[in-house]
Each structure stands twice: as structure tokens, then as C-alpha cells.
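Noted in Swiss-Prot for the protein shown:
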BINDING   49-54, Asp163, 188-189, Thr194, Gly222, 288-289, Asp291, Ala356  GTP binding site
DOMAIN    38-384  domain 'G-alpha'
LIPID     Cys5  S-palmitoyl cysteine
REGION    41-54  region 'G1 motif'
REGION    186-194  region 'G2 motif'
REGION    215-224  region 'G3 motif'
REGION    284-291  region 'G4 motif'
REGION    354-359  region 'G5 motif'
Amino acid sequence: MGLLCSKNRRYNDADTEENTQTAEIERRIELETKAEKHIQKLLLLGAGESGKSTIFKQIKLLFQTGFDEAELKSYQPVIHANVYQTIKLLHDGAKELAQNDVDFSKYVISDENKEIGEKLSEIGGRLDYPCLTKELALEIENLWKDAAIQETYARGNELQVPDCTHYFMENLHRLSDANYVPTKDDVLYARVRTTGVVEIQFSPVGENKKSGEVYRLFDVGGQRNERRKWIHLFEGVSAVIFCAAISEYDQTLFEDENKNRMMETKELFEWVLKQPCFEKTSFMLFLNKFDIFEKKILKVPLNVCEWFKDYQPVSTGKQEIEHAYEFVKKKFEESYFQNTAPDRVDRVFKIYRTTALDQKVVKKTFKLVDETLRRRNLFEAGLL
């Protein structure tokens, strides 16, 4: 009898412990479910090369702990690859222009750099790139300074030359140091095509989550073949942050050199606006790469782009930059209202001028986005 009671007591104790564990699991699930309800989902969209991923990296630096040493080191081969790929693009572009351009002579690489150019082009075409040594960096620097390469770089918009080119070429000695660890700026400039979906959770007010919203930001591949992966992310989105690189009005797509990048951005923007699942979703439009735009607009007329063919310059210098920017902004505003159903026009729509590489601008912009979304939430709750 005593043995039976002892067994029953053990079973009861085990049941009690199991019930306690079950209750704890259920409590945690309930807490996590409640926490999830308070997390706002942001979708970062845009065509390839729009600067989305740079914005994403800035968020990690600004509102999280940034990149630890292991993460920084992981970018070293990426940055070295960027250098090799870029110098190959410029070398091969110069050769093509020397063969086909009317003013071909200025694209002919000097005799002392021809052999170096062929060697670097071969390296740039490999699947595995060597570590950037001082010797290779010096050869790249010599080729970069060649007059033909500089003339080719001036026509980089025709050759898919990336925005990071000048920055990395001017830092070759540091990048080739045996103990090189990328800086946060190096990481921001590093060019990696986003494939699939990456996410980050953050609060623009810092660690004190009680005083601000918590966001989960999703960055997705911008190239055409990546866009089918967006679909499952569309439900339950608080806001779409759409990045448009306004400096790329004279460039063509990486994946389709017959398609103007700005026209592709326009079509993608309009397609996103029409999606039924975004009926009540706020839209934040980032007119990005303003730093490049303000330099380019003084050299390349805005009306080279079909969408902007009715643009008329009115001045020079800073006035012209502002005039051109306001014209582009107005075009996007018109597109928004033309492609938004009448019953959706009251959803939040804001436009921000951004430079993804400028941390102060990105920080200020996201605080404005946070303020806008918090006001919307208060309004919907009847508290405003």
C-alpha cells in the first residue's frame, strides 16, 4: 500500500511538473504573440541598384549594435571582389570604346598598362578572386589612373560601372593591407546583390522600446528574377518603403541593357501601388542617391529619360538642382495618385529626399517615418 502511494505521489509530482512546464510554454507563446502584434512590418522595395541594401545596413548601424569584427571581416572578400570586377568593367569597356567609338583614340590604353589591363581583366573574370595584395593594388592603381580608363569611367553610366568605384579606387592602399579589416563606410559602399529576403528588427528611439514603435524591416532582391519572392511578404505590412534611385535616369538595367532604370522604377512603383494587399498600407517614397543626382544633373540633362522628356531647365547651379529634383518629385506624386484607387487616396503617402550613404540623413528620415506611423496609429485608435 505504501509503495502504491509512493508511486502515485511520484506520478502526481511528474504531472504537476509537466503541467507547470506546459503552462510556462503557453505563457511564453501568449507573450510572444502579444509582442508580435506590436511589431510593425516594413517592406523595403525598389529596383536593383536603388540603394535599398545600403539603407538596410544603415539601420543595423544606427538602431542596432552595428557590425561586430567577424561581420566586418566577412566583407573583406566582397570588397576585394568589387575592386576586381570594377577594374575589369573599365578595362573591357575601354577596349570596346576604342574599337567602336568615333573618338576612339582617347580610349586606347597606354602601352605600359596594356599587359596589366589584360591580367586584371582575367582576374576579374574568375569565380574565385585572390586576396588583394600591395602588388596587385599598385597595378590596379596604375591602370585606374590611365587616361583611357578615366575617359571610360566618365561614361560609366553606359557600362554598369557601380557607384562604389571611385571610393574603392581611392582607398586601394588601405584595402590591400595585410591586416585590413573593413570599416563601416567600406561595408556601406560594398556592393552585394540581395537575393532572397533578409530582415532586421529595430526601434528608431533606441533601446527604450516603451517610448517608440518596434519595426521589422524586410529587404528583398530588386532584380526582376527576385521579385516573385516578395509575394508572401505582402500581407500585414504597416508600410512600404520604396527606394527610387533618382540619379539613374540615364542608365540601363543590370539585367536588361535595353531598359532605362528610371522607367523600370516607374513601372515597378506603379505595379506595387496597385496591389490589393496594400489597400491600407502607408507608402514612404525615398528619392535616393541625391548626392549623385546633384552632380549629374549639371552635366546630363534630365530629359534624356523618356519619363522626363517634358523637362525644361531654368537655371544653373544649385537652383537647377532644386528645380530638377522638384520636377522628379512631382512626377512620382502624379504617378502615385494616377495609380491609386479613389478609395485608397487617404492612405499615408510621404516623400523623402535621401542619400543612403549619409548616416545623418538616414537617421533623420527614419525618425520622420517613425513619427508618421505613430501618428497614423494614434489616429486609427481614435486618440488623435
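Cβ atoms here come from the backbone N, Cα and C positions, even for glycine.
Known features from Swiss-Prot, placed on the structure.
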{"residue": "Glu49", "record": "GTP binding site", "DSSP class": "coil"}
{"residue": "Asp163", "record": "GTP binding site", "DSSP class": "coil"}
{"residue": "Tyr189", "record": "GTP binding site", "DSSP class": "helix"}
{"residue": "Lys289", "record": "GTP binding site", "DSSP class": "coil"}
{"residue": "Ala356", "record": "GTP binding site", "DSSP class": "coil"}
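The binding-site residues examined here are Glu49, Asp163; by Cβ neighbour count within 10 Å, the least packed of them is Asp163. If one looks beyond the region 'G5 motif' (354-359) by at least 6 residues along the same chain, the residues whose Cβ comes under 8 Å of a Cβ in the stretch are 51, 54-55, 58, 61-62, 188-189, 243, 286-291, 365.
Within the same chain, residues at least 6 positions away in sequence whose Cβ sits under 8 Å from that of Gly51 (GTP binding site) are Cys243, Ala245, Phe286, Asn288, Lys289, Thr354, Ala356. Note: Ser53 (GTP binding site) has non-local neighbours Val192, Thr194, Asp219, i.e. same-chain residues 6+ apart with C-beta under 8 A of its own C-beta.
For the binding-site residues Tyr189, Ala356, the largest tally of other C-beta atoms within 10 A is found at Ala356.
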